[in-house]
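Q: The structure that follows is given in the form of structure tokens.
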Amino acid sequence: MADKCSEGLLNGAVPGERGKQDKSVKRGNWGNQIEFVLTSVGYAVGLGNVWRFPYLCYRNGGGAFMFPYFIMLVFCGIPLFFMELSFGQFASQGCLGVWRVSPMFKGVGYGMMVVSTYIGIYYNVVICIAFYYFFVSMTRVLPWTYCSNPWNTPDCAGVLDGNLSGHAALNLTHLLNTTQKRTSPSEEYWRRYVLDLSDDIGNLGEVRLPLLGCLGVSWVVVFLCLIKGVKSSGKVVYFTATFPYVVLTILFVRGITLEGALTGIMYYLTPQWDKILNAKVWGDAASQIFYSLGCAWGGLITMASYNKFHNNCYRDSIIISITNCATSVYAGFVIFSILGFMANHLGVDVSKVADHGPGLAFVAYPEALTLLPISPLWSILFFFMLILLGLGTQFCLLETLVTAIVDEVGNEWIIRRKTFVTLGVAVAGFLLGVPLTTQAGIYWLLLMDNYAASFSLVIISCIMCVTIMYIYGHRNYFKDIEMMLGFPPPLFFQICWRFISPAIIFFILVFTVIQYRPISYNDYVYPTWAISIGFLMALSSVICIPIYAIYKVCRSEGDTLLERLKNATKASKDWGPALAEHRSGRYAPAFSPSTESNLEAQPLQPEKARSEAAAASPVQGSNGSAHSQDSRL
């Protein structure tokens, strides 16, 4: 008996509640809570933690940037993370099914699906490039070490060329200490060999077959890890979510032992307190928190939907959010210790070698690795870490789409064939990613990264916040959480959800609009038609919201527009906990099966009696309105 009680508490059951079946046999659940936490950490901790945060921190005042960063984490990041986890866990539905809470806003779920589709397409292309670098690093000498390769130009200036003449060395020093950007062997390898970059986004050129092959490998790996849904991916994350920290630690220990590492770390951490009064610093901090945690992608709702109903997602949200931000800070030490060593070796300022995005991952950091003894080993470790970081996010992106499709159809036929749905989505993702492996692929990849998942995510998150707090009703939602966790959300989170977090989200949106600059890649400026396509991609996810709202209002009952709006926004009859044993209180069925089976006297006209009883004593709905319960319950 004691063992059973302890098992119930470990599974997240509310203390003092009688034992209930807390598993969804139909949808499936995580094997245990460690699987969910590791999957969510793998989802939140991605490539941006390594190649974006350290550069943002360095550019926005070093250690001073940490202050607004953690302020935004506390007042926006953790509250939004907790909201999405509790939202998905309470309903045990993906990003579409949860909008039974207010059916008119189901377009928000479709918007999340569109965003996840865009990100899933280009994110796996980045992973495939990491796969390519991982494979080519398995050699005695890294191919981007010297300037003596067929793809190099006369302007290439390498520091390890064995035949470097005195004139060439003098020319290299001149290049490094002037405003002219140095053309390194790693940059020419990236631009002229790996990408074979074309001169324009409209000039696709040919498909780069090595990248296409690696793209196939990355999609096969993702599919195999998700072949049984969360049952298989939950086992894989024990490795994919933890091993990157082993690699980070190895690279950190190696980095801090190098000459010049301290200089790089000081560039990273030295606070410039005057910048803390700059609105751009606060905007960058808020944006980084928002995008880094994966809010409004639909992945958090999806992953939480496989939790047991009474799991303590409040605790999980704090653990995962803090782990994500701590990883970003830790990665900064790894990156800047190596960049400081490189700057010291070249005799230049750290700012000359600091970069972010693909430029850091595939140009600056690989070049720094060539200066280390046994450089192929460090290169293999670094790119293997990037692969694992990317896969952790990609798992959740694909599972978000598959879960939404399966939950929406909802019949036994598609549930039994979920593996084929996963295969279909993976094949479609591979085919849609093929154009990104052409000679102009990097242009399209950066276009999708800058527009497909930018301000649209902010709009989606803001509408979700307002819908739950003000249309469904904050009191209703707080009661739902109390039913699920055994305690209401803390007062701090109640205030953040209702006032502070929506205000910060709105600030991020305004900041994004004010700080907007047309996209460019190095010296290439995108043409107007390409930027227009970028805006169309951004609008394609947001436009789902008003289109579906209009459709739902038109299909709702009511003689006037106001009646239709009320009917379209109130919670549907099947909103609430997915399992019948959890539907207590205001979600309880009108007649429990046990009561009906024990009735000794049956009415002469049972249909009429039931309808009269329902009319006489309506059941209070989750949105405060009276309605009869779903007949299936």
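Cβ from N, Cα, C; glycine included.
In case it helps, TrEMBL gives these features for our protein:
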BINDING   G42, V45, S292, N324, L389  Na(+) 1 binding site
BINDING   A44, N49  Na(+) 2 binding site
COMPBIAS  619-633  compositional bias 'Polar residues'
DISULFID  C147-C156  disulfide bond
TRANSMEM  36-54  transmembrane segment
TRANSMEM  66-87  transmembrane segment
TRANSMEM  108-135  transmembrane segment
TRANSMEM  242-269  transmembrane segment
TRANSMEM  289-306  transmembrane segment
TRANSMEM  318-343  transmembrane segment
TRANSMEM  377-398  transmembrane segment
TRANSMEM  419-445  transmembrane segment
TRANSMEM  451-471  transmembrane segment
TRANSMEM  491-514  transmembrane segment
TRANSMEM  526-551  transmembrane segment
Q: Take the C-beta pairs under 8 A between the transmembrane segment (451-471) and each of 36-54, 66-87, 419-445. Which stretch has the highest count?
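A: Maximum Cβ contact count belongs to 66-87.
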Q: Could you list the residues of the same chain, at least six apart in sequence, whose Cβ is under 8 A from the Cβ of G42 (Na(+) 1 binding site)?
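A: Expected: V237, T240, A241, L389, L391, G392, T393, F395, C396.
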Q: Can you tell which of the recorded positions C147, C156, S292 lies nearest to A44 (Na(+) 2 binding site) in space, using Cα positions?
A: S292
Q: Looking only at the recorded stretches 108-135, 242-269, 289-306, which one has the largest tally of CB-CB distances under 8 Å to the transmembrane segment (419-445)?
A: 108-135
Q: From the Cα of C156 (disulfide bond) across to the Cα of V45 (Na(+) 1 binding site), what is the distance in angstrom?
A: 35
Q: Determine which recorded stretch among 36-54, 242-269, 318-343 has the most C-beta pairs below 8 angstroms with the transmembrane segment (66-87).
A: 318-343
Q: Taking a Cβ cut-off under 8 Å, which residues six or more beyond the ends of the transmembrane segment (289-306) line up next to it in the same chain?
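A: Non-local partners: 27-30, 36, 39-40, 43-44, 46, 48-49, 53, 69, 72-73, 76-77, 80-81, 84-89, 91-95, 97-98, 109, 112-113, 115-116, 119, 230, 313, 321, 324-325, 328, 393, 396-397, 399-400, 403-404, 453, 457-458, 460-461, 464, 505, 508.
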Q: Indicate the candidate from A44, V45, C147, C156, L389 with the smallest number of other Cβ atoms within 10 Å of its Cβ, considering only these recorded positions.
A: C156
Q: Suppose I define contact as three or more CB-CB distances under 8 A, residues 6 or more apart in sequence; do the transmembrane segment (36-54) and the transmembrane segment (377-398) meet it?
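A: They are in contact.
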Q: Inside 10 Å of the Cβ of S292 (Na(+) 1 binding site), count up the other Cβ atoms and send me the figure.
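A: Other Cβ atoms within 10 Å of S292 (Na(+) 1 binding site): 23.
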Q: Same chain, outside the transmembrane segment (377-398) by at least 6, Cβ under 8 Å from its Cβ: which residues?
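A: For the transmembrane segment (377-398), the far contacts come to 39, 41-43, 45-47, 49-50, 116, 119-120, 123-124, 126-127, 130-131, 133-134, 137-138, 142, 218, 221-222, 225-226, 233, 236-237, 239-241, 243-244, 247-248, 250-251, 254, 294, 297, 299, 302-303, 361, 365-366, 369, 422, 425-426, 429.
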Q: Hey, for the Na(+) 1 site built from G42, V45, S292, N324, L389, who else sits with CB inside 8 A of the CB center?
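A: Residues close to the Na(+) 1 site, other than G42, V45, S292, N324, L389: V41, Y43, A44, G46, G48, N49, T327, G392, T393.
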Q: Same chain, outside the transmembrane segment (526-551) by at least 6, Cβ under 8 Å from its Cβ: which residues?
A: 104-108, 110-112, 114-115, 118, 200-202, 443, 447-448, 450-452, 454-456, 459-460, 463, 518-520, 568
Q: What is the interatomic distance between the Cα atoms of C156 (disulfide bond) and N324 (Na(+) 1 binding site), given in whole Å?
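A: Given the Cα positions, C156 (disulfide bond) is 38 Å from N324 (Na(+) 1 binding site).
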Q: Any same-chain residues 6+ apart from N324 (Na(+) 1 binding site) with CB under 8 Å of its CB? Would you list them in sequence order, or say none?
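A: Those within reach of N324 (Na(+) 1 binding site), by Cβ under 8 Å and sequence separation of 6 or more, are V41, A44, V45, N49, S292, L293.
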Q: Run through the Cβ atoms and count how many others sit within 10 Å of the one on N49 (Na(+) 2 binding site).
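A: If we count other Cβ atoms within 10 Å of N49 (Na(+) 2 binding site), we arrive at 24.
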